[in-house]
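Listed in TrEMBL for this protein:
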DOMAIN    54-421  domain 'Cation/H+ exchanger transmembrane'
DOMAIN    889-981  domain 'Cyclic nucleotide-binding'
TRANSMEM  30-49  transmembrane segment
TRANSMEM  95-113  transmembrane segment
TRANSMEM  120-139  transmembrane segment
TRANSMEM  246-267  transmembrane segment
TRANSMEM  303-323  transmembrane segment
TRANSMEM  335-361  transmembrane segment
TRANSMEM  373-393  transmembrane segment
TRANSMEM  405-424  transmembrane segment
TRANSMEM  612-632  transmembrane segment
TRANSMEM  644-662  transmembrane segment
TRANSMEM  674-693  transmembrane segment
TRANSMEM  699-718  transmembrane segment
Amino acid sequence: MNSTFWWAGSGHTADLLCGRSADYTFVHGYFPMLVCFITVLGGFLRSFIKNSEVIVLAVLSLTGFVIGHLAYSFIQMHQVVYTLLRTPSFSLYCYVSPLIIFMAALDVDFYILKNVLWQVLLTGFISFSMAFIIVGYVVIKFNKASWDLQCCLLFSMTLGIIDPIHSVNTLKTIGISKMYTDIIRGESMIICGVTSIFFGILRNNLVHMFVFREFHVLLDFIFHIFGSILVGYWSARIIQFILTDLFSNTLTSIILCVSMVYMTFYIVEFLKLSGMVALITVGLNLDSLSFKPRMEIIITKFLIMFTTVFQQLIYTFFGIVIGCGENNYFKFNTLNFTLVLFITMNFVRLLTIVLVSPILMRSSYEYNWRWGVVIAWSGIKGVFNLLLAPDIYNLSDKKVESPEMIIFYVQVLSLMTMGINSYMMIHLARTLGLCVISLPRQMAMQNAIDHIQEIIQNTITLFKTEKILTNVNWSLVEEKSKIKYRISFHHISTGEKEQESPTDEVLIEEARLHVAIIQMSSFEKQCQDGILDTEAARILIGATKSYCPIQGKFMSIYDVSTYVKARSWLIKFKKILALLEYHKDTGYFIPYGNNKFLIFIYHIVFSEEFDYAGHIVSLMYIYPLIIHLTSVPRKLNETSLILVNYYFILLYVLQSALKIIILKRKYFHQHWNTLEFCILIIGIIDSFCVYFVKLRPENLVLIQFTIILGYIRIFRFIPLFKLLIPTLINIVDVQIKRRLSLMYSITKGYVKSQEDAKFLIKQISSRESIYQKLYEILETNKRDAIKELGLIEHEDRDVVIALKTRQAIQTVIAKSLKHLAFLCSRGIIDKHEGIEMNKVLLSKIKALNNFPMSIPPPTPDKYLHNIVWLENKDVLIEFFKERAKLAYFDYGDVICKEGEMPQGIYLIISGMAILHSSPPTFGIDSVHRMTRQSQTLFTEYCTCGDIIGELSCLLKREIEYTAICETILQACFISLEDLYEGFDVFWPSLEYKIWLKLALSTAYQYFESALVDEDITFQRCVALNVAYVETLSSCNEMTLDWATMKFVIVVYGSVMDTKTEAPFLAPCILSKTCEQVQGTSDLSKLLIIQATEPVKVSSDSKITGKGSPFSGRKSIG
């Protein structure tokens, strides 16, 4: 067969196509009809045969074979496939492979792959080598066709490729760890990349094959790898910029992404590099944070759709090519050789897994021989084997008589491995018990189901109170909405069925993995909400995935710092630069008397022109030095160079002499002056040596010494480094500030993830001992992270203030975007106006990219504006500004001690303090507190903006914690007398607002998950009364109206249900079955969140006895 499909070189035209001469007039339009037919047929087959892709591809391959055979016999069908047969095989490779390899690389987790990179490289190398040697030997030994050595080796390289998509699809269905699927997919991509490079080298150098040597192959291989990776990396940065552009829409992003993938591939191939390796690099450098929210799902579905269509077309096309060949080559030996190849490939895969099993066991504690048996069947072949099969014929020295047989073997083996290997993996996984669900995971699933069922029941209970739904059959609703989830028998192992309860160690390990997943979800959510920078989120996710495989390891903030490889080298480098910086201190010499000569020299030496003249002299010497270091010009200008050297030495002597005259001994106190003086001495010695060489030219030792001194003249340029040092210091300062900003953002995101995990640990494990262990671990990690926040803020306040300001702006704009979307969805704002307003807000977010990296802190009096209960009102701020004092504390100073009476409140301006205390009492009487006895000491860190002593001052009771300075601390102090004077002047609103602020803080601290949908900021509560604080003294009663109240939270003290006498101790949320409560502590505070539009609530209708929304002062007394 001689056709363009097999060879696209110039001068090779197709005289005969499919055994029939092409003497008819070709008619356009048939081939698109063929493509549409294959696509539609593939779609119908996938609709009817949903769970077996190999059957679909096998049917399409047979359909293609029938079409090809008909084309061999009939001109009418020959016209349909004529375009395909005239298409070079390399064109099909360029059309199909970019999207498929990009999708495969995109699905690989780069952080996991990076942790096991050397294992993946070694596995890929062993797999490629074994396939190349063993399959090559079998082909040479058992193939009856006349294939030469080069053809056999290229065939073995082609069969050595493992399909990066089909090889892991089956493993995903049996629940294998993603680390193993990424190792296999990474191995397959390495083999694909290496094979494509070798084929590319052969394809590009085929004309010069007679001068082709092993050294050329090695150089080309290295150049292909590094060049392709470099281009791929920068292409990934461009694609990431396109996908994260705030102003791009989804359709534009998809089009640009796909276009960039193909453009990258074609540019790299045009540069004679490997487009496959470049796109693997692009896919690995993109992750979920590289896309806008929900964009990744859309692009992934788009890629899956095109990949599926491309695979169906390729299998059908190559079936057509096989059918167009001669049938007399299909013999019984063909079947035997195919079976031998199938057995050989699986043997090679088994041998590879046996060799790399020690590596995989080292990578993960979960790996065992059972997983090895299953993975040994993962050597599935696919579309990449088919795409490179025609090049075996095209690149061979000796052309085989039946090139279609090469495709036949590859295509049949591909379908056999897809069917048989996939079935064997699933069958072995079930037989060996790898599909079972562990008992801890079953318990976690049951906890989640119970939680969902509880939410459903609460929703039904809430709906029952609506009058419009009174005639609903609630029994039927409860029956139909009840979740009955049972784990099937074959998913539970026999040993675990007999095991009644797993140990705490097993449960804590399962809970640890769930915590890691919660943390990663939190990082992504924070990044999408604008709270966390993309780089910080990417580092946190990467660190979590790095420590996740370590058994029993909960990632702490110190682990993250180790993962980031902190900034210590930058600080050390800056100190070195600061030590080398040239300081021109005029205080070294002050001219006295009327010595005009000294005054004149003083003005010369300490002028900028003098320094510039010295630098110009050094720069002028560059050209003479170049001539001196070059042999031929030096011989021609020997005398001139000597005279020029004398001239420059004279200038150096003059420069140093003027400085010594003025500075005298202090001249040597500056390192740069000492260096210049040493260079001058060496230059003078060099000049004398040159002179003595002329006098005694036979002295070889003197000549050698003079030559060495001639090369040392390069040192004369070292003083020029003084000019670069200030610039380098500025660059290092910027990098240090960026690193500080990044570490602060990372630490803040870590703290938020710990808080998110704490709210969900009840759903992770219902066992109390596991809950307590998880809570202690998360709380300890959170405290350590808050301590790091304070230390970072103390190190550079300006950077932290800039970062906080930027994040505050971004959060406000993000909320504005959500409100705008809500108003547009309700039709309040016109669609066109909404688009324009959305562009305005997005432009403000984009402008934050140029936000300053550091902002100077406000003056101490400005911090009073940050006290939320002062509401930024001038009259309140001026009142306390006159009475507030600045307080300074050194490291280790005690601000206040537990058990002492409060002296006032401290608003921290800078620095960090640590609070040690017993468990907080929340104003609960000792009788009721007996059930909460705990010896655990609480530790909390306070940083800039936090207030110490508010609650103790409100209650005039002993302080419940000890505050110690962790750094030098500056605070704004308002004494207790001044605070109560403010209560009298601004009665009753000021004291009530402090209680409101404390109540909101307590509610969010303990019940954030329940209040996540509530917008109860302090400002809204004051302005719209969406939430307010009620006061209950002992024995006072309060009626709860759940028609207007959504939540009632006891934030201080304790109450009891007057009907059931059930106690409620702060902090807790009252049950909706509670209709009336009575105070059981001396003072109880309840935060009430309204359920309807805020209205003014009369306190007399709610409380029996004294008290009102502003009754805090009277209730204390």
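Cβ coordinates come from backbone N, Cα and C, glycine included.
Any TrEMBL annotation is an automated prediction that lacks curation.
Note that this is a predicted model, so its numbers are computed, not measured.
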Check: Counting only residues 6+ away from its ends, which parts of the chain sit with a Cβ under 8 Å from the transmembrane segment (373-393)?
Finding: 5-7, 89-90, 92-93, 96-97, 100-101, 151, 154-155, 158-159, 161-168, 170-171, 174, 176, 180, 184, 192, 195-196, 199, 202-203, 310-311, 314-315, 318, 345-346, 348-350, 352-353, 399-400, 403, 406-407, 410-411, 413-414, 417-418, 421-422, 424-425, 428-429, 432, 434
Checklist line | Contact between the transmembrane segment (699-718) and the transmembrane segment (612-632) (3 or more Cβ pairs under 8 Å, separation 6+) | finding: yes
Checklist line | Spatial neighbours of the transmembrane segment (246-267) far in sequence, C-beta under 8 Å, 6+ residues away | finding: 94, 97-99, 102, 231-232, 235, 238-239, 275, 278-279, 282, 292, 295, 298-299, 302, 839, 842, 845-846
Next item on the list: Name the range, of those listed as 95-113, 120-139, 405-424, 612-632, that has the largest tally of Cβ pairs under 8 Å with the transmembrane segment (335-361).
Entry: 120-139
Note to self: Using a threshold of three or more Cβ pairs below 8 Å, and leaving out pairs closer than 6 in sequence, do the transmembrane segment (405-424) and the transmembrane segment (303-323) count as in contact?
What the structure shows: yes
Item checked: Cβ-Cβ under 8 Å with the transmembrane segment (674-693): same-chain residues at least 6 beyond its ends -> 642, 645-646, 648-649, 652-653, 655-656, 667-668, 699, 702-703, 705-706, 709-710, 712-713, 715-716, 718-719
Margin query: If you average per-residue pLDDT over the domain 'Cyclic nucleotide-binding' (889-981), what number do you get?
Written below: 81
